[in-house]
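Look at Swiss-Prot and you will find Ser468 tagged as active site, proton acceptor, backed by sequence analysis. For Asp78, Asp120, Lys121, Glu442, the entry in Swiss-Prot reads Mg(2+) binding site. Annotation source Swiss-Prot lists [2Fe-2S] cluster binding site at Cys119, Cys192. Per Swiss-Prot, the feature N6-carboxylysine maps to Lys121; the stated evidence is sequence analysis.
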Amino acid sequence: MRSDVIKKGYIRAPHRSLLRATGLKDDDFKKPFIGVCNSFAEIIPGHFFLNKFAKIIKDEIRKNGCVPFEFNCIGVDDGIAMGHDGMLYSLPSREIIANSVETMMNAHKLDALICIPNCDKIVPGMIMGALRVNVPTIFISGGPMAAGRGKNGEALDLNSTFEAVGAYEVKKINKKELHDIECAACPGAGSCSGMFTANSMNTLCEAMGIALKGNGTILAMTKNRKKLAKKAARRICEIALDDKFKIRNIINKKAVENAMVVDMAMGGSSNTILHMLAISREAGCALDIKELNEISKKTPHIAKIAPSKPEIHMQDVHNAGGINAIMNEVKDLLHLDNLTVTGETLGERIKGAKIKDEDVIHKVENAYSKVGGLAILFGNLAEQGCVIKAAGIIGSRKFSGKAICFNSQDEAIEGISGGKVKKGDVVVIRYEGPKGGPGMQEMLSPTSLIVGRGLGADVALITDGRFSGATRGLCIGHVSPEAAEGGMIGLLKDGDIIDIDVDNFSINVRLSEDEIAERKKEFKYGGKKVQSRWLRQYQKLVTNASNGAILEA
């Protein structure tokens, strides 16, 4: 056992003495030690109940002959951090989480790992840390929140509230209506109810084979969720000492490609691109961003879930057959021979899964589009690529317009709220990339204001920052190189004409090579003055979005 390093032989008497202080007895030292990585946090709706959820898992581990050791990691609620400088800390928190998992598991030489994430950066952070440790690992997330219900029975979610703010500003709704939406949108525990970043990543855990069936879709705090937790706990005990189930044997290049096929088919959050690039690097099978369009070109988009289709949420996906039904529908594009934590291949796992509601999950022959719900655009405005959630486009997939430039998210929010943005504009928000922010803020506030003000089909937005999974509209993020590295987005001027063609994967500004060269000569950027010591460290080490915004020493 890996844990013998801390518990076997006379020389480890001091170590055992410390472990006995936690309640261990003689027989416990013969059992596998299981790390239970929790992310309980009282301020996060997707996490405030995870202390009780973890207890279910630990009790089941004990019943099955192993010793659980729970430890916690931090978590940032992106919705609460949204629209102010708290969002600077969201993406950097992914690295803290990865480092924390690696530190706890390697310092204490635990034999296996069960991870309990739920929201946004916590899921990829735990995956990245687990890949560094490389022991048998299972992911069991807290589960999605149920959709809220409005006065007329319409489905609501967090994005409904953000868009309602924009509607209130232009007097489409009154203060009471705004308050009613606020009070109804998030009815209880769980990760926000649409195919936003958290639920996108939780479903991709199923596609990669590191989580059990239903991980991404069974609602939080339900009997079925608790049953899934117990099943995951039993399984980690079964595989704890089996090297075949080390996480790097599960997450390989095939698993990463499987995840991206599923992501394209269901129109997941654009943040998944950032995280899967980072995860693939940690797994030793680095995905090139250019490969993603090849996957997109062959993958039909068969499921639209909020925000792309506001009335459909994760509970509807589960009732329609879940992620297995989506995978079975696109099985010809998957590596069906890849191993999963259950011991089955992916093909064995999804065999016989049926679509139960074709309004939620379409058949391939009735796909929303023949290409995937995410796309990478290239051109003189993004030589290293940029990302769009094509599934969330409200108007045309082809757009040309005049740039209106803002040098921060705060400037953009002020400009949009002040009525500066008009139909036909391309809103440019720059110096918000991984280095420029630093921290690559999400832009849900400005995009929601645009949609809420009725401009979603008539305005495009591009940024070197990123978007919430709740964003919809013609919104292009992760522009690389970013403005802070002298990228073209930092050289744009108000009035420049920008051409966007999603179906041809292109984004360009109408400037000659000579004009671009001249602007590059004139470019000066001294960098933002960052007060935070942690964010200064992050700014120094982080790479750009085309590399997954990973840290490189």
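Using N, Cα and C of the backbone, Cβ positions are placed for all residues, glycine too.
Structural mapping of features recorded in Swiss-Prot.
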{"residue": "Asp78", "record": "Mg(2+) binding site", "Cβ within 10 Å": "28"}
{"residue": "Cys119", "record": "[2Fe-2S] cluster binding site", "Cβ within 10 Å": "28"}
{"residue": "Asp120", "record": "Mg(2+) binding site", "Cβ within 10 Å": "34"}
{"residue": "Lys121", "record": "Mg(2+) binding site", "Cβ within 10 Å": "28"}
{"residue": "Cys192", "record": "[2Fe-2S] cluster binding site", "Cβ within 10 Å": "31"}
{"residue": "Glu442", "record": "Mg(2+) binding site", "Cβ within 10 Å": "31"}
{"residue": "Ser468", "record": "active site, proton acceptor", "Cβ within 10 Å": "29"}
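According to its DSSP assignment, Asp120 (Mg(2+) binding site) is coil. Secondary structure from DSSP puts Asp78 (Mg(2+) binding site) in a helix. The recorded positions shown are Asp78, Glu442, Ser468; of these, the one with its CA atom nearest the CA of Cys119 ([2Fe-2S] cluster binding site) is Asp78. The record gives Asp78, Asp120, Lys121, Glu442 for Mg(2+). Within 8 Å of the mean position of their Cβ atoms, the other Cβ atoms in that chain belong to Val76, Ala81, Met87, Ser90, Leu91, Cys119, Thr197, Asn271, Ser468. Relative to the residue listed as 'active site, proton acceptor', the binding-site residues with Cα atoms inside 10 Å are Asp78, the candidates having been Asp78, Lys121, Cys192.
If you measure from the Cα atom of Cys192 ([2Fe-2S] cluster binding site) to that of Asp120 (Mg(2+) binding site), you get 10 Å.
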